[in-house]
Amino acid sequence: MLGLAGRCSAAAASAARPALRRAAGPSHGFLPLLLSRGAGPAAAVGARRDHAAQAAPAAKAGSATGRIVAVIGAVVDVQFDEGLPPILNALEVQGRETRLVLEVAQHLGENTVRTIAMDGTEGLVRGQKVLDSGAPIRIPVGPETLGRIMNVIGEPIDERGPITTKQFAAIHAEAPEFVEMSVEQKILVTGIKVVDLLAPYAKGGKIGLFGGAGVGKTVLIMELINNVAKAHGGYSVFAGVGERTREGNDLYHEMIESGVINLKDATSKVALVYGQMNEPPGARARVALTGLTVAEYFRDQEGQDVLLFIDNIFRFTQAGSEVSALLGRIPSAVGYQPTLATDMGTMQERITTTRKGSITSVQAIYVPADDLTDPAPATTFAHLDATTVLSRAIAELGIYPAVDPLDSTSRIMDPNIVGPEHYDVARGVQKILQDYKSLQDIIAILGMDELSEEDKLTVARARKIQRFLSQPFQVAEVFTGHMGKLVPLKETIKGFKQILAGEYDHLPEQAFYMVGPIEEAVAKAEKLAEEHA
């Protein structure tokens, strides 16, 4: 027993420093920094963030040389004779054809550090030389990163040559000070009816897309990139964290087709950072930080309003759990890392609006077994300004986007922000849907005939509203067969207000399915009437 206790306390002690490491930088690792194309080298924002973007330094390469003493999967122990590298420093393995970066996670004593590899450790041998870079992982940033795909350490992976920038930034940075933050509240119009009406997104806010496997998180993110990034006209950063490589490839080619990425000149609007499912846990645990670092450059150096898309933030937590286990930390609830809240908080606090610019973040959040009380999604909830919950029950009805209108919430659903008309229509829609939900048990047992006339009218309008909340997406045209629609907020409010007022009680409910504005539903009803005539 004493031996076990001793080992546990030793493990806890060795975990203390890495925990501090995580607190120091929300995203750890080498993530390619994707930057905006506007200005030349900009002045640093302040002494606190001076290290974040500077002209490429001749890093203190060779400040210390160590040798590998152990390799356990993605964990590599390195011993130094002198000049022990601090926590979070990047080390580089010598004598390899491909670059392998290690990030210092723990100091073990006897001049040995335990590191996490950012790539596969195949072929490593004991005694191999390792060089301390003298700094955390640094990635290229600046206009040259737009239209390019990078990995976690900033290497281009799109086979289009090197990224020729003089700007580099460390992926670990502090969150902005309170005095730098802005409290302005504005709606970010997405053109998606159910989102804009019932759970509007705040400009400069954090939005979570919750859903189980296969209910449409990635498609919704792609539609948001399509709608918001184009209309918004600024720069976007997409961080692919632990998701399917095929989807990342599809997204890249769709962006080229839609003109968001231009291969011929420097007019691309988006930078891509990928650390997909096949990457080691170290890369997946840091790639979100790489993407965030790119977005921070746009915000702090160029004063841009940046859109940051992360697909999937759960994989960031999952990779952190794998790394934690490899480092020998005692797991917490449901097997997650004991530093779960710290890891999440240090990253999320960097995503904010300052007086110079904003980062509006849309994060897809996989919900294991559709259980919203799982520690990973539950920890994320606390940081969000709006939640869009995707429901399997709604997807089974064939209604897409499968957004749950009663579970989805927004901090800015306030009459003082969205206006009284929008607020009243949204609450009216939610009330009639809730009434319909409470009547469904009666309908299932007794049938529609047993309802009062008032309840029958409620059910009819609710079913029309439910179908009108569906919408054809531009990015899904290929497999839905419906032309995608982007609906302005005024049109959305007008349409639902008229349905609530009973102006379309005479139209069949199927006329409201997969249409854009209300005029299309009326036209579809006329077409249906002609077909049945």
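The backbone N, Cα and C atoms fix where each Cβ goes, glycine too.
Features as listed in Swiss-Prot:
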type	residues	note
TRANSIT	1-53	transit peptide
BINDING	Gly214, Val215, Gly216, Lys217, Thr218	phosphate binding site
BINDING	Gly214, Val215, Gly216, Lys217, Thr218, Val219	ADP binding site
BINDING	Gly214, Gly216, Lys217, Thr218, Val219, Arg244	ATP binding site
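Residues Gly214, Gly216, Lys217, Thr218, Val219, Arg244 are recorded as binding ATP; their most distant pair of Cα atoms lies 14 Å apart. Other C-beta atoms found within 10 angstroms of the C-beta of Gly214 (phosphate binding site) number 10, with every protein chain shown included. Note on proximity: among Gly214, Val215, Gly216, Lys217, Thr218, the binding-site residues of the record, the Cα nearest Arg244 (ATP binding site) is that of Thr218. For Val219 (ADP binding site), other Cβ atoms within 10 Å of its Cβ number 18. Of the listed binding-site residues, namely Lys217, Arg244, the sparsest CB environment within 10 A is found at Arg244. Those same-chain residues not listed among Gly214, Gly216, Lys217, Thr218, Val219, Arg244 yet with C-beta within 8 angstroms of the centroid of the ATP site C-beta atoms are Gly211, Val215, Leu220, Ile221, Glu247, Ala364.
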